[in-house]
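Participant: As annotated by TrEMBL, domain 'NapC/NirT cytochrome c N-terminal' applies to 6-166. The heme 1 binding site annotation in TrEMBL covers 37, 40, 43. According to TrEMBL, the feature menaquinol binding site maps to 67. Sequence annotations record features per position, and here TrEMBL assigns heme 2 binding site to 70, 71, 165. Residues or ranges marked as heme 3 binding site in TrEMBL: 124, 127, 128. The heme 4 binding site annotation in TrEMBL covers 156, 159, 160.
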């Protein structure tokens, strides 16, 4: 094999790898956005509650967070990608089995704490790095200080349960009631 063919092969391989990496990265980012996640009807209530909340795009949105910002781990890239694939497959299987309905979620939450559903500390800490800031209430200062010093087993979601989606349980119950009314009207 001549040197020119080897060099050309390496250059082509490098260009293909760069293009593949850029396309993959753009797809990974796009599939972590609320617009993608809300494209499934099972996510309607979750999207609406996020959209109206303090991490949504509405006027009161303090810090806008996309789905992957909270619902995927941010401790390292490999864990992030593995979790993204795993949760994507789980969501797809749940979609095929009809497990994303309001009735399913309400039943599911009877046996599991609703607000602990896959929110990661590393996601919170990605944006909220400075927890003990000037001017915060004494109670918040004390709790955050204990958290930072490892003096508590509490985590972000323990105190801030409704920060991502507000009262998603009530919203899901209301959606179920709307669906039942619509069925009766048929």
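Every residue, even glycine, has its Cβ placed from backbone N, Cα and C.
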Participant: I need the most crowded of these binding-site residues: 40, 43, 70, 127, 159. Count other C-beta atoms within 10 angstroms of each C-beta and give me the top one.
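Facilitator: Highest number of other Cβ atoms within 10 Å: 70.
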Participant: List the Cα distance (Å, whole number) between residue 71 (heme 2 binding site) and residue 160 (heme 4 binding site).
Facilitator: 15
Participant: Around the Cβ of residue 128 (heme 3 binding site), how many other Cβ atoms lie within 10 Å? Please give the count over every shown protein chain.
Facilitator: 13
Participant: Nearest to residue 43 (heme 1 binding site) by Cα, among 70, 124, 128, 159, 165 (binding-site residues)?
Facilitator: 165
Participant: Find the shortest Cα-Cα separation between residue 127 (heme 3 binding site) and the binding-site residues 40, 67, 70, 160, 165, and name the residue that gives it.
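Facilitator: Among 40, 67, 70, 160, 165, 70.
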Participant: What's the CA-CA gap between residue 67 (menaquinol binding site) and residue 156 (heme 4 binding site) in angstrom, rounded?
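Facilitator: Counting only the Cα atoms, the answer is 17 Å.
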Participant: For the binding-site residues listed here (71, 160, 165), which one has the lowest count of neighbouring CB atoms within 10 Å of its own CB?
Facilitator: 160
Participant: Far apart in sequence but close in space: which same-chain residues, 6 or more away, have a Cβ under 8 Å from residue 37 (heme 1 binding site)?
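Facilitator: Sequence-distant Cβ neighbours: 43, 46, 47, 67.
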Participant: Please tell me which one of the binding-site residues listed here (40, 70, 159, 160, 165) sits closest to residue 124 (heme 3 binding site), measuring Cα to Cα?
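Facilitator: That would be 70, the closest of 40, 70, 159, 160, 165 to residue 124 (heme 3 binding site).
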Participant: Between residue 156 (heme 4 binding site) and residue 165 (heme 2 binding site), what is the CA-CA distance rounded to a whole number of Å?
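Facilitator: Rounded to a whole number, the Cα-Cα distance is 14 Å.
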Participant: Cα distance, residue 165 (heme 2 binding site) to residue 159 (heme 4 binding site), nearest Å?
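Facilitator: Given the Cα positions, residue 159 (heme 4 binding site) is 14 Å from residue 165 (heme 2 binding site).
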Participant: Could you tally the C-beta atoms, other than its own, that fall within 10 angstroms of the C-beta of residue 67 (menaquinol binding site)?
Facilitator: 21
Participant: Which state, by DSSP, holds residue 67 (menaquinol binding site): helix, strand or coil?
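Facilitator: Once the DSSP labels are grouped into three classes, residue 67 (menaquinol binding site) ends up as helix.
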